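> One structure follows; several queries about it will come next.
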Amino acid sequence: MLCRSCAGWLRSLPTLRLPAPGSPPAWSSARLPALPVWAAASVSAASPGGWYEALAASAPVRTAEEVLLGAQEATGLPWWSNIILSTVALRGAVTLPLAAYQHYILAKVENLQPEIKDIAKRLNQEVAVCARQFGWSKRVARLTYLKNMRRLISELYVRDNCHPFKATVLVWVQLPMWVFISVALRNLSTGATHSDGISVQEQLAAGGTLWFPDLTAVDSTWILPVSVGVVNLLIVEIFALQKIGTSRFQMYVTNFVRAVSVLMIPVAATVPSALVLYWLCSSLMGLAQNLLLRSPGFRQLCRIPPSKSDSETPYRDLSAAFCAKFLSRKR
């Protein structure tokens, strides 16, 4: 009788919707001496049919080249301006809406946590009753609890249409776009592109500004590479500051991303300045996007549901957390 009541209670729980978590390019050596010998060799050393050569000649990379060339022809701006403008346009039109959608999903998932905790508490009590009545072992009771808990959480995600996997759409779009544009810029910088690749390479060689007049050469001052690393580290730290009670796995991931951000500095010092300029602009847009999505007004504009972790003064809180974490250690 008690077991039937337990089963009936489990079925009567509200239906929740929860988620379970072409021809190879003709490489030109006309401007390769501007790069370190080993870095240039890494581009031209790709044997016919190699993975990099296949990527460099792929349709998405060719499309990225056409977008960059089309933007340059349409605006008539120098290449350094064209790279910045194209980056801002793509990040604003593609990744910003996806980032807002990501925050929308995460806010709904966060708002479900009190209900999930309540269900977990009740389910644990019912499983304990059944375990005593039927003599279940701890292992059987635990497996029964986990199985039903996963089902109930999945139903919650379905009910509110907020499966956490939907929050990963941004990564699946942003990362490939970053790779394709990076390879496209490298093709243009080394002349490894269409029949007019050499002329585009010459335009890039004269299309820089300030301390990097030649976009096909590396930045010998290391200003651009170091800036990329610093901005990426700043993004990581801002993300880490908003996490309270992070798990060990999250700490490992955060430290890994920190290491990648630092390693990007020497890598950026060995590739054409056109790529590094794009990386820097993309990172700056990512930083601005991160800060913008903290604004209560912008979140309301995007119809992101209010959540417990929201703040009326996000920038003041961020500044205070940053000072407490880094500046207080020096005193």
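Cβ atoms are placed via backbone N, Cα and C, with glycine included.
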> Do Glu110 and Val257 end up on the same side of the membrane (judging by the domain labels in Swiss-Prot)?
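Topology check (Swiss-Prot): Glu110 vs Val257, same domain name.
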> Give the nonlocal contacts of the transmembrane segment (221-241) in its own chain as ranges (CB under 8 Å, at least six residues past its ends).
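Here the qualifying positions are 211-212, 254, 257-258, 260-262, 264-269, 273, 276-277, 279-280, 283-284, 286-287, 290-291, 318, 321-322, 325.
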> Could you give me three numbers for the topological domain 'Mitochondrial matrix' (186-220), the DSSP helix, strand and coil residue counts?
14 helix, 2 strand, 19 coil
> Are there residues at least six beyond either end of the transmembrane segment (260-280) with Cβ under 8 Å to its Cβ atoms? List them, or say none.
34-36, 38-39, 79-80, 83-84, 87, 181-182, 185-186, 188-190, 204, 208, 212, 214-219, 222, 224-229, 231-233, 236
> Given a Cβ distance threshold of under 8 angstroms, which distant residues of the chain, six or more beyond its ends, lie next to the transmembrane segment (165-185)?
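Counting only partners 6 or more residues beyond its ends, the transmembrane segment (165-185) has Cβ contacts under 8 Å with 19-21, 55-56, 58, 60-65, 68, 83, 90, 94-95, 98-99, 101-102, 105-106, 109, 272, 274-275, 278-279, 282.
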